[in-house]
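**Q** Would you mind keeping the following structure in view while I ask a few things?
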Amino acid sequence: MADDVTPLASLSLTHVYYNPTDPISMLCAFLSLLPQALCVVYATLLWSTREAEVLLMFAGQLACEAVNFVLKRLIKEERPRLLGTGIGGKGIAVGKGYGMPSSHAQFAAFWAVALSLFLLVRHRPLGAARVTTAEAARRGDGNDDSAAGGPVAQAVRSVHGTDRAGRLAAISASIEAYSHSHWTLAQRAVVSAGALVVAAAVAWSRVYLGYHTVRQVVAGSAAGAGCAAAWFAVTYLMRETGALAWALELPVARWFRVRDLVVVEDLCQAGWEKWELRRRAALEEERARLKEKEKKGQ
């Protein structure tokens, strides 16, 4: 009867072997889960933004995984074996399947290079919207709600005094200016460099944990970077030939409300300007209501 029991299997997708007494090994184990985390990020961004660029990048990421699947079965290079373990001291491989090229390194490299190409080459934010400067706040320009002449600043001034209200308005104006500022090229370069460092850390973690050799993670990183560059060229042609614009007019794309805005505006900026218009309209209505109330009181 015991022979009829089916042995349990481990879901290797999220199963990582590491040395529990080594903090670096534990860190490497978490780094190995980056591909799964990025898939969650892709799905979240797709659902929340419906951006065509995110969809294209995710499609390229999946295509890169398909390339890795094919390469592993063409090259058929085994993973490194742990010395002193296994039958006859020949050692056993930590992971399952072939090891050349590293799928983790290829996945992370594609993500980092694709993100860098988007931020540094494709992303061209439009000119920033009109913002309030600290100088305008100090002047008491009533055309902006965060200035010293706005209703909020006037209310604060009446309670706390002119100087304090002026300082508050200047701080508010500084925050307002930042909230309407797009990422500069230098900021995008820093983010891109950070992504590349993370991808390198993921590749290094696979060697540290014994899942791959250095040659296998280098090959995976090169394959991922190459796939990212090739996919960037494909998506460039899609934009230039009008294929993407045509696809966005399809009923399925419109039903899912797919849009293509992130190329010319920051992802976190999407919807902000619309919110600002509503906020300013509400403040203008409140200002008009207060003026009307004052007139009736006179």
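Any Cβ shown, glycine's included, is placed from N, Cα and C.
In case it's useful when we look at the structure, here is the feature table from TrEMBL:
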DOMAIN    54-232  domain 'Phosphatidic acid phosphatase type 2/haloperoxidase'
TRANSMEM  24-47  transmembrane segment
TRANSMEM  104-121  transmembrane segment
TRANSMEM  189-211  transmembrane segment
TRANSMEM  217-238  transmembrane segment
**Q** Cβ under 8 Å, sequence separation of at least 6 from the ends of the transmembrane segment (24-47): give me the contacting residues as numbers and ranges.
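**A** Hits for the transmembrane segment (24-47): 13-14, 16-18, 54-55, 57-58, 61, 103-104, 107-108, 111, 198, 201-202, 204-206, 208-209, 211, 267.
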**Q** Any idea what the model's mean pLDDT is for the domain 'Phosphatidic acid phosphatase type 2/haloperoxidase' (54-232)?
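**A** Computed over the domain 'Phosphatidic acid phosphatase type 2/haloperoxidase' (54-232), the mean pLDDT is 74 on the 0 to 100 scale.
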